[in-house]
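Residues or ranges marked as region 'Disordered' in TrEMBL: 1-21, 143-163. What TrEMBL lists as compositional bias 'Basic and acidic residues' is 7-21, 144-163.
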């Protein structure tokens, strides 16, 4: 039975060696499979990342184009506004020049009126003209006119109060 025991032991060892080899093969196969799955996952991840980068690049290009168009539009609007402002400034300058001319005319008319008044006063005060009696008459007539105006105003106010 020593032969049987040895045969049994050898068969058992051979069976265990075979099982060990099978287990190692299965483990190697599982490891290779896991590595392949991981490799595929990495490839998928890289492909997704690449697609995302390309998409982001496209979006960035679109944003840049939109930004450039907006800047162009704003530049055109700003140029139009500057032209409008320049036109307004020219119009304002022309009006100002016209106003200055009118002001000069008005001042000249006032100056001439003042000169006429001074001449009239000088004539009134001249010694040939009875030395100021004309001025006295003028002052009296002016005072009467002012007094009459005040009286009329008082009467009008009194009438307004009574109503």
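Placed from the backbone N, Cα and C atoms, the Cβ positions cover glycine too.
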- For the region 'Disordered' (1-21), the DSSP helix/strand/coil residue counts are 20 helix, 0 strand, 1 coil
- Query: According to DSSP, how is the compositional bias 'Basic and acidic residues' (144-163) divided among helix, strand and coil residues?
  - Reply: 19 helix, 0 strand, 1 coil
